[in-house]
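Asker: In case it helps, TrEMBL gives these features for our protein:
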{"type": "DOMAIN", "residues": "103-393", "note": "domain 'Sugar phosphate transporter'"}
{"type": "TRANSMEM", "residues": "103-122", "note": "transmembrane segment"}
{"type": "TRANSMEM", "residues": "134-154", "note": "transmembrane segment"}
{"type": "TRANSMEM", "residues": "166-189", "note": "transmembrane segment"}
{"type": "TRANSMEM", "residues": "245-264", "note": "transmembrane segment"}
{"type": "TRANSMEM", "residues": "280-299", "note": "transmembrane segment"}
{"type": "TRANSMEM", "residues": "311-334", "note": "transmembrane segment"}
Amino acid sequence: MFSLHLLPPSTFSVTFSNSSCRYPINASLLNPYHLVNNTQIHLNTCCNRQISKSRTRFDKIARHPFGVSSRFSSQTIGAAATGAPQESSPEDEIETPKTNKNLKLAVIFGLWYFQNIVFNIYNKKVLNIFPYPWLLSSFHLFCGSVWMFILWSFKIQPCPKIDASFIIALLGPALFHTIGHISACVSFSKVAVSFTHVIKSAEPVFSVIFSSFLGDSYPIQVWLSILPIVFGCSLAAVTEVSFNFEGLWGAMISNVGFVLRNIYSKKSLQSFKEVNGLNLYGWISIISLFYLFPVAVFVEGSQWVAGYHKAIATIGKPSTFYAWVLLAGLFYHLYNQSSYEALDDISPLTFSVGNTMKRVVVIIATVLVFRNPVRPLNALGSGIAIFGTFLYSQATAKKPKINEGDEKKN
């Protein structure tokens, strides 16, 4: 209980009584102007001090009330209280670019799969009536070379600054790329496209073996993951309706060529990291064309004219034959271009998983288009091999990466 006693100004005092205690207050402090000004200053000082002390804690509470990031911040709450327009938080600013990136990757993956399917279908159509893989594989590289010159000429793709040392460093990777490409085309001409892709899914087996010989070590999980690949490919091979040894060996040699290309690229291209993946692949295509075409003329050049007339007689319309050849050559380069664009934005693991799923899509599409007979054991072997490839990609993701940027480029 307290009481206020007002006395004349000369003896003006104020007392608060609470039981037996009294608290005198100087009367001059009750001057209205002095009281208001001092009170305002005191309140501002105290509030500012208290706000400054608690602002950090409040921001943490507002942003992470339960240990989970929230889009609301103290700035948003303050703006709502004062009626000021709200400002977007950093999370909101990141949301749109992240969505755009995911959309871009979805488009790139879609194009990658679609272009690969188109290439495999039309390439096989041409090989069925014109079984000369050396000439066709040379034409694929020629289309890629012309395409890159167009991109560089119109500055759609920045042209890299190259010198003699860069060309010399590319001679090895381009040679192995040539071996891998021509061997795959030979396999396509001898067996079903689906069978070639099943055998090519065994590429991780060769990668582990060759890398181990060169000094790399792999955990036991990686070695175990290649066992289902070997078993699945073996089961698919012995039950394949269109099986022949040329097709099998072509796919196997293709695996060796591409694995050695990747290994050699890591060793010889360490000093040219400024060249992006698409430009690197463009120059590999150009050099590979110079490797391949002279050999193609030597191997099967004498048969091209007679084979051309036979193909035209079979198909009936020359324009259809030209369209098939052009589509195969153009989409061969485009699907490789899309794969390199995907590599610029994703990790090697994501790319490996995407490449595994690409083989599944291509196998299913070509079986449906060409109506290849598939035995149950053949389908089982193919599935086991593809699943083993997926396990390999997961196992190698846990292996420490020393130069992840180099692996993405190669």
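Numbering starts at 1 and runs along the chain as displayed.
From the backbone N, Cα and C atoms, a Cβ is placed for every residue, glycine too.
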Asker: Have the transmembrane segment (245-264) and the transmembrane segment (280-299) got at least three CB pairs under 8 Å, pairs 6 or more apart in sequence?
Answerer: no
Asker: Can you tell me which recorded stretch out of 134-154, 166-189, 311-334 has the most Cβ pairs within less than 8 Å of the transmembrane segment (103-122)?
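Answerer: Per the Cβ under 8 Å count, 311-334.
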Asker: Restricting to the domain 'Sugar phosphate transporter' (103-393), report the mean pLDDT as a whole number.
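Answerer: 90, rounded to a whole number.
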